[in-house]
Each structure stands twice: as C-alpha cells, then as structure tokens.
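Notes to accompany the following structure.
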C-alpha cells in the first residue's frame with residue numbers, strides 16, 4: 001500500500017512538472033501555438049497545494065504511526081531516518097506555504113520525497129509477490145564491489161585515452177591560422193579535461209561518430225585508427241568481459257540464495273500439484289469427486305501421467321530393480337494425490 005502511495009506521489013510530481021514546464025514554454029514562446037496543458041495559474045496553484053498537503057499529511061501520519069508502534073526499534077533502521085527527514089521537510093513546506101513565502105524554491109523540498117522510493121527496495125525483501133525484483137536487487141547488491149572496480153577500470157582507461165586526444169588537439173585549437181569555427185568545434189569535444197572525459201564516455205556508450213569525425217575531418221585521418229582500435233578493444237572486448245562477469249555473479253547469487261531457492265521450490269511444487277489435480281479432475285467422468293476402477297485404468301494409461309511420473313523422485317528407478325523404499329514413496333505420492 002505504501003509502495004502504491006509512493007508511486008502515486010511520483011506520478012503527481014511528474015504531472016506537476018509537465019504542466020509547469022508546458023506553461024513556461026508557452027510564456028517563452030518555444031512553440032508556435034500554445035499547448036493543451038496551458039491551465040489557469042491560480043487554479044493550478046490551489047490544486048497543487050491541496051494535493052501536496054494530502055501527500056505530506058499521509059506520509060507524516062504513516063511515519064508517526066510506525067514510531068508509535070515500533071518505538072525504539074524504529075530508530076535502529078537507517079532507512080527510517082530518511083523517511084522521518086523527508087516527512088518533516090514535507091510538513092514544514094506545507095506549513096510555510098499556508099503562512100509565509102518560502103525563502104527557497106519549494107521544489108527542493110519536493111525532491112526530498114523521491115528519497116522515499118528507497119524504502120521500496122527494502123520492502124522487496126519482505127514480500128514473495130515480487131520474487132523476480134527481489135532476485136534482481138540481491139544480484140545488484142552482490143555485484144556492488146565488482147561494479148565499483150569495473151567503473152574504476154573504465155574511468156581510468158577513459159581518462160588516459162582522453163588526455164592523449166586532448167593533448168594532440170591543443171596545438172590545433174591554439175593556432176590562429178586555422179578556421180575559428182572548426183577550432184571551436186574541436187574545443188567543444190576536447191578543449192578541457194572535463195569535456196574530454198565526457199566525450200570519451202560518449203564514444204564508449206553512445207554515438208561515437210561525431211567525436212570521431214570532428215578529428216578525422218579537421219585534423220588528420222590517422223585518428224580513425226585510434227578510434228577503431230579504441231572501439232574494438234575497449235568497446236567490445238572489455239565491456240563483454242565485464243558483462244560476462246556480471247552474468248556469472250548473478251547466476252551465482254541466484255543459485256546460492258537459500259530463500260530464493262526455497263520459494264522457487266514451493267512455486268514448482270504448487271504448479272506440479274495443480275497440473276496433476278487437473279488431470280485427475282479430467283478423468284473423473286462421473287463428476288462425483290472420486291475415481292472408479294475404470295476411470296483409474298484410463299488415468300494410468302494417460303500419456304501425461306506417465307510423463308509426470310517419470311519425473312517424480314524414485315519413479316525412474318521403478319523401471320528396473322526398484323527398492324521397497326522407492327515403491328513406498330511412489331504409493332505415498334499417489335495416495336496424497338487421491339486425498340487432495
């Protein structure tokens with residue numbers, strides 16, 4: 001329920017941002033015609049204040065109830081402090097909106113509410129409905145060290161390669177004999193260290209053609225060799241290795257987590273039982289809730305039942321020299337199915 005409320009709050013912030021941005025665009029004359037989101041500023045301000053008040057009171061009440069129920073246990077969880085700070089900030093914002101003009105932009109307070117989305121990650125571990133999301137979060141948590149060192153490796157290589165390109169471009173940028181617009185264009189990509197690093201990440205993860213063309217067309221065609229090697233070595237080999245390591249870590253986490261394995265086992269058991277019940281119900285031609293000798297004979301001859309029995313524990317060994325324990329297990333399973 002709280003996750004649904006958090007989602008509603010974020011959607012409301014998105015709608016508010018869309019309406020305010022469209023109104024600002026109309027005032028600036030960005031579009032030739034006014035958009036359909038051009039609403040009355042006074043009415044929209046009232047609606048925004050009312051909805052923000054509702055969300056602020058709701059989340060503050062939720063935090064107050066949890067403090068009253070959990071007492072000291074509430075402050076033992078680090079995530080709860082974030083909820084408390086965000087709720088207090090929202091209440092202060094609403095109170096100041098109804099009294100005096102805020103000295104700062106109110107959006108700064110509303111942005112704090114986004115932090116409550118972090119609670120949803122913690123709630124994943126408490127529910128069995130979002131098992132897939134829980135697996136994803138656990139795999140990401142298990143890969144945090146690998147993610148950090150992968151980022152450090154990529155950032156280091158990017159910085160070194162970027163400084164090489166920036167150094168080679170400095171002479172061209174500083175010499176006034178070349179065209180000013182071309183020098184400005186090169187500067188926008190490789191003029192400073194920060195611009196160069198951003199350009200290198202753009203080359204690796206985004207469209208690498210414009211940063212390449214600006215050097216090949218304006219400086220030298222030999223830069224094409226550098227970019228091709230850079231894309232093949234770092235963009236293909238290194239990234240694929242990093243992706244493979246992440247997949248391996250994910251599979252390791254999924255297979256070693258006892259809670260996830262237990263839930264998957266329970267789901268498989270429930271699915272299997274449901275299929276067998278459906279088969280028995282289909283063979284109950286009389287509809288009296290029980291299976292006669294003739295109906296059971298047809299059930300035993302069913303290809304589906306033979307397929308399922310072949311996958312039961314111990315059933316495969318019944319074809320050869322079966323032990324008494326195997327026969328007992330098989331009889332027990334059939335009796336349980338009849339009782340269910």
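Cβ atoms here come from the backbone N, Cα and C positions, even for glycine.
It is 222-246, from the ranges 122-146, 222-246, that TrEMBL records as transmembrane segment. If you look at the transmembrane segment (222-246), the same-chain residues 6 or more away from its ends with a CB under 8 A from one of its CBs are 143, 146-147, 150, 153-154, 157, 161, 165, 203-204, 208, 212, 215-216. Mean pLDDT, taken over the domain 'EF-hand' (271-306), works out to 73 on the 0 to 100 scale.
Counted with DSSP, the domain 'EF-hand' (271-306) comes out as 25 helix, 0 strand, 11 coil. Taking Cβ pairs closer than 8 Å, the transmembrane segment (188-210) reaches residues 154, 158-159, 161-163, 165-166, 169, 173, 227, 230-231, 234-235, 239 in its own chain, all 6 or more past its ends.
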